[in-house]
Each structure stands twice: as structure tokens, then as C-alpha cells.
Amino acid sequence: MAPTSTFPVINMELLAGEERPAAMEQLDDACENWGFFEILNHGISTELMDEVEKMTKDHYKRVREQRFLEFASKTLKEGCDDVNKAEKLDWESTFFVRHLPESNIADIPDLDDDYRRLMKRFAAELETLAERLLDLLCENLGLEKGYLTKAFRGPAGAPTFGTKVSSYPPCPRPDLVKGLRAHTDAGGIILLFQDDSVGGLQLLKDGEWVDVPPMRHSIVVNLGDQLEVITNGRYKSVMHRVVAQTDGNRMSIASFYNPGSDAVISPAPALVKEEEAVVAYPKFVFEDYMKLYVRHKFEAKEPRFEAFKSMETETSNRIAIA
């Protein structure tokens, strides 16, 4: 396994001082060459993060642990009987909260009111941070401020924003199942608050799996497929996975700031060179991309892009014939 010492960690405090150019260069390099980075001093209070961690772990213990143990027993039995089936299972307990365009947190069962209020506060902080990061990316890309958030909002004027809350309990057979199988994320920019004592998250870089180091009060950021398309491939989404662990229960709170379902996604014209004879990335509606993604999530992203390029070509040919 590749060493983790060079994994990009960015101190956002440096963006306010004389070291801003170096920090922006580090951010640009992380987006170009890693698709992942970790940020410190990001503006979300450590007290809020500690409270979120405590209540999330308490919620799992109180509500979800027994359900997961029942699932785990069945999963291991099926996996032992059928290895091919085990390869398609994920060793995780999850629930999903939608924040935008409309929140569903009031409808999720088994959440106490204090936890609901806390998650709404945390989501508001993460939304602000996501938009701040997108503007920093615009600056590095030479795009006007707000270009990416505007592209994400679509005709309806709102992005899609939600949080996946996951627990990865100890697994007695990590040789049999993954915590979460390898995939790229379909959307825009993903902000992860992960456990600082139990690892397992890995990304694929230069053909090797690299550990994403757990760091207290950090936020891990990764780029989704939509940013790869909009940046015309300058920034990349990256395959990542969670490896099941024999010890410890890993907490993961991943918030996805994605385009609105009606947003039309295509490379930013400013990032497409005039001499490009072949269009590298397609144009599509985000909702259509998601329909394809859910069927092929755990596969390479390139065939998804090619499928939409083929659709574009067919449409253009029909128009030309008409």
C-alpha cells in the first residue's frame, strides 16, 4: 500500500494571510492530482463537531446496532455460502437526510428532536463551507466567482444537498465483504466528517490504494463526477472505498453538495480549448445522469460519460437529418 505522508492536508487559515498563494496552489494540486484532500481550520466549531459525533454514535447504539447485528448475521451466512454475493454487499449501517431543495429530516423515524436540530445546524455550516470551497475552485480555475454554485442551481434555483450518516461496525470477516465497495461519487463536492480513531477509507491513486488519514476535527473533501465534467477533466473524481475493520466502529457523516435535478451539466466554455477536435465530456441533465449512476455505481465512470456522449451524437444526427 502506498504511503499516506503526502496526502494533501490544507490549513484554511492560511488563505487569509501572506501564505494564501501557496495554500491555493496546494488546493489546486490536490484537486488535479488527488481528487481528495483534508482541510483544517475550516470554520466549523469543534464543539459542534464533538456534539454531532457524540449524538450520532449514541443514536447508532440506541436505535441501529441491534438491527445491524441481525443484518450482519444473515450477511455473513450468505457470504460464506456464496462468495459472488458477498462481493456485492456493504458492511455498513446508514440513513440519509435530505436538506435541499426540501428537508426530510422531520420524516425520518427514530431521530430524537435534539438530534434533528443538531443535524440541521451542522448541515447549514457544511452548506456554507461547500459553497466557499467551490468559489476557491473557481478562483484556481480562472472562472468567475459563483460559476460553480450557479451551474449547480439549475433552472429551479437550488442545488441538491443531503447527508449520508454511516456506521461501519467491527467485521469478523473483512476478507469476505467490504465496508463500502469502490466507486466514484456521482455529484459535485463531498464533505466528510469521519471518525478520528477508526480508519478504513481509501482512495485509488496511481494504481494503489492509499489510506485517508483520520484527523481530529478535520473535514475530508472529495470531488464528484460533475466537477470532472464542468472542469473538462482538469479536476478528477477518484475511486474510493471503505475497508471493513475487525476492531472499532467507524463513524462517517458524508454531505453531498450536488447539482439540482434539473441542472444542465457540461464543460465550462472557458475551460474548453478551441483546438479540441473531440469533445471530452458530454452535456446532460443531472437527474438523467443519476438514473444511469444508480445502476452502475460500483463500476468505472468512463462508460457513463461515453453513454451520454453517444446520446448527444445520436440527437445531433437526428437533428441534422431532419
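Every residue gets a Cβ built from N, Cα and C, even glycine.
Residues or ranges marked as Fe cation binding site in Swiss-Prot: HIS183, ASP185, HIS240. The domain 'Fe2OG dioxygenase' annotation in Swiss-Prot covers 159-259 and is backed by sequence analysis.
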Which of HIS183, HIS240, all binding-site residues, has a Cβ with the fewest other Cβ atoms inside 10 Å: HIS183
Same chain, 6+ residues apart, C-beta under 8 Å of the C-beta of ASP185 (Fe cation binding site), given in sequence order: ASN222, LEU223, GLY224, ASP225, SER237, PHE256
Helix, strand and coil totals (DSSP H, G, I; E, B; other) for the domain 'Fe2OG dioxygenase' (159-259): 6 helix, 46 strand, 49 coil
Fe cation site shell beyond HIS183, ASP185, HIS240, criterion: Cβ within 8 Å of Cβ centroid: ALA182, THR184, ASN222, SER237, VAL238, MET239, ARG241
